[in-house]
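For reference, the structure is listed below as structure tokens.
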């Protein structure tokens, strides 16, 4: 407030005497002369006395003359000083009058009366919430009066009285608008005869004076119909639903005068946006007066007896006391009572003001913030359709909205050196604040005024909203990235894409002239200095970047790099988010030159963005915000370009001051924002449609993620011929260099084929369940088949996991196929492959000639842990892995993690395919990169260098059946017309004795050559030399074929010469019926029956041994001459003696029949007898001395199916007749030839006691 200073009055004037020094000197001089004369003489003559008297008289006259002259001069000077002071007071009064007249004139213009409002709507702009005129009152002057301090000394009394009169005059009250700061109260109660008239004037003043979005008027219950009629004409931003901010209840208790509501009270709810701190401290920037006249400050306060309202409440009384005119206005609050003359409006006046306000403000505000108003600011006639050839003279400059006075607020993305606000900025807005609409407005303005050669866009939406979808097909868009939140790998891919674009631009600037700025590069290109590609400025918008940094904090380094280098590379960055955590910016805030704050969740966020808490107090209307760039924030209201196209509103009737009858109700299609909606696109879509095919497309920097696997034939060109079937020429040129899929290289902005090399190597496919390991093996099989024919390469499929690998891979290259249901066949196949390996090694060293018919062998393994559970399989696999590549044998296996492969074999798998792992720390790639391999995408993997890949498929994509590509493996199988691949040799599951004889075995059976079946080691007949082994032990569980082995041997004994004497101990009696009678020397069903004959047989064998020992002693005893003659040979026995015991565990161990033979086991070969013992439970016999003697002779042991172990060799659960034959240290797998049992003979002597054909030879 201006200060008016009144000077101090002048001092009282007493004269200075400065001009009387000479006159005053004469009396003093005469006094001195008289004193000299009197002291110089002693004579007192008359003449001397006369002279002395004359001098005294002269001295007295001079003194009187001096006093008179001084009094006259002092009076003149006092009157002059008083005249000067009175002139200064007159000037103060004139200045005060000038200030008062200017104040009254200014405030009358600023705060017009209600009926003057329609005349001033075109010359005034709405403002934020401020003081509202409610009437007239005598107000204090708009200045302060300051009395100058009196200096020391006496002051002129007349001047002092004049100063007091002047001070009283300049401090008089003046009539002016009575202003009310309505948001200072929470409840306003209006009473009196003119309550409704005053309320109408107040509501019209509010609607006309306050900025849209800062006020919402909500009518309550019991509002009279006539009042509701004129209220309906207020602009829609004034009469609306309640929002956030200051809430004031306006209660009207006046008599409306209608019959249906006498004495009723009505209320309105007023919602104000609270003033921001900036508006409070700088009211001139918001259109507020320098010193708002608040009620409690500028209105005289009268203290009256009685109870005053509580703080925050205002009671308004508008009445006509004693019929006086005009009405009186009394406002009572907690500070006192304020009086004045109210502003009143009748129904016609309120309707007149409301309709005029609707025409002047409602439609204008709608048009200015609509798409049409946006187009006008861009210099376009309209947005539907736009002018595709329109280009702006101010590049990278676009309007954001309108400020409170209605002027456009522009955002200039150029750097500060070019006069702009850029190059980088920040946008923060809470949910529902209009952030997405503001981004669309910004993008639309840039696309309408820039060609794709002048501006490119990279639009990134972390949450996958629809904000940027309308711009996806524009040629300006170089990348549209959404749904990053669902797939973490996309975030890192996006980061690499941004770094790749920076690298590309740096490379182009350096390659074509070492340019330091994009402007220099383009200028040189325009001059023809180089022929490099055109580089347009690139605007990168990242929506929800705060959550992006929260989930991927390392991304801040790339964003900071863009902020640091973007100016020279022509890259502009705009970060948008709902919430802002300032701590996550980590050095980025220094690069954000402009900041936009829409309504924020808290004052803290508002201060972090624009430095003030104002954004937290913005109204809930979308689009309201602040733009800050180095100085004070500027408030604006954004455009709404996504609104649907609406029909032209109906013409509003002309405004009339007076009307007969109640005010008319506005037509529904005339209300702004409620136009008739057409069934068509939005203004945004209509504006973007013509831009889709204009200009060259921007350089794509974002390739679609690897989500859909491509068919293998899309990556490899294939042909068909009669010789090779379906093949790929590139694969045949390098058959072991396989093309399996695509590598994603976002840093280089391209994709490349994924190749692996199997030369001198094995392949390990790593992947968690569901990662696509089976499909990977199928793709590998297809790639190999395109480079090899079935005569050149062969597959061995071993699936121990139950994943149906053998069914997935079905090509003519297969030489061996086995699944988890045949573990023994799988073991035998791997052992046979090891035999092939050994044969090739022997042929390569020259030890033997190569005899296999196989080419390059690829062993596909599935279920590594199950395969290695068996020692023999583990040994075979170890040999194949360690020495296979040198012999053209390659192992291709899968594992869930690298540790499943033994450490000593892991290094042989030099080629690896790593799909998604359950634990990223198991990866050979950086574990943070491995963690980004997405779940639920089979075939996605990562290379050791951290590059993502997607394997191709050999099957037609289920979502693209129209590509004309079928099952590649089935097509390869159908196109091959040559012979199938040779099969791996393996023991048959069923093999009979007749087939053995038909195989060409013509030799006569003997004890030295008993045919057993087929041998896996010799790939031919398996023979048993019983004469060399002495005894045989057959161990197997029930149903394993033990008795079948006995039948096979017994039938061959019938053809041995001389015919052996067979003693058969058979508790079940099954063997006797199938043997010729002449072969059986004795047959027994129990131990007791066989005991006596076994004792006799033991005696015979002991006699033979005694005879053999005595003969040997005589042969070694010298005669009398000292010579030693050879002893005569032992007389041969008539026939070999063979004891066969079936199911020995069923015999009584206390009276075991073979116990008497324990002493002759050692010399069995010399004595010509052999024991063939069959048991299913060797543990029952292990305590017998006979058992230990038998094992000590190293018999031939048949380990049939079961759970047994002999000398480190374990039996296996296998098919009947499959045995492991252990002779000494040699182990061979034998398939026993099947001999059917004899048909049952009911007359056979099954239950008879043991019989004998003759006694044992002596």
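Cβ atoms here come from the backbone N, Cα and C positions, even for glycine.
TrEMBL: automatically predicted annotations, no manual curation.
Quick look at what TrEMBL lists:
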TRANSMEM  22-41  transmembrane segment
TRANSMEM  48-69  transmembrane segment
REGION    273-295  region 'Disordered'
COMPBIAS  273-285  compositional bias 'Basic and acidic residues'
DOMAIN    406-607  domain 'FtsK'
BINDING   429-436, 767-774  ATP binding site
DOMAIN    751-924  domain 'FtsK'
REGION    1107-1134  region 'Disordered'
REGION    1234-1258  region 'Disordered'
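The Cβ of residue 773 (ATP binding site) has 25 other Cβ atoms within 10 Å, all protein chains considered.
In the three-state DSSP assignment, the secondary structure recorded for residue 435 (ATP binding site) is helix.
Over the domain 'FtsK' (406-607), the average per-residue pLDDT in this prediction is 91.
Taking a C-beta cut-off of under 8 Å and a sequence gap of six or more, residue 435 (ATP binding site) has these contacts in its own chain: 427, 429, 543, 576, 578, 598. Fewest Cβ neighbours within 10 Å among the binding-site residues 431, 433: this applies to 431. Taking each Cβ in turn and tallying the other Cβ atoms within 10 Å, the top scorer among the binding-site residues 429, 767, 769 is 429.
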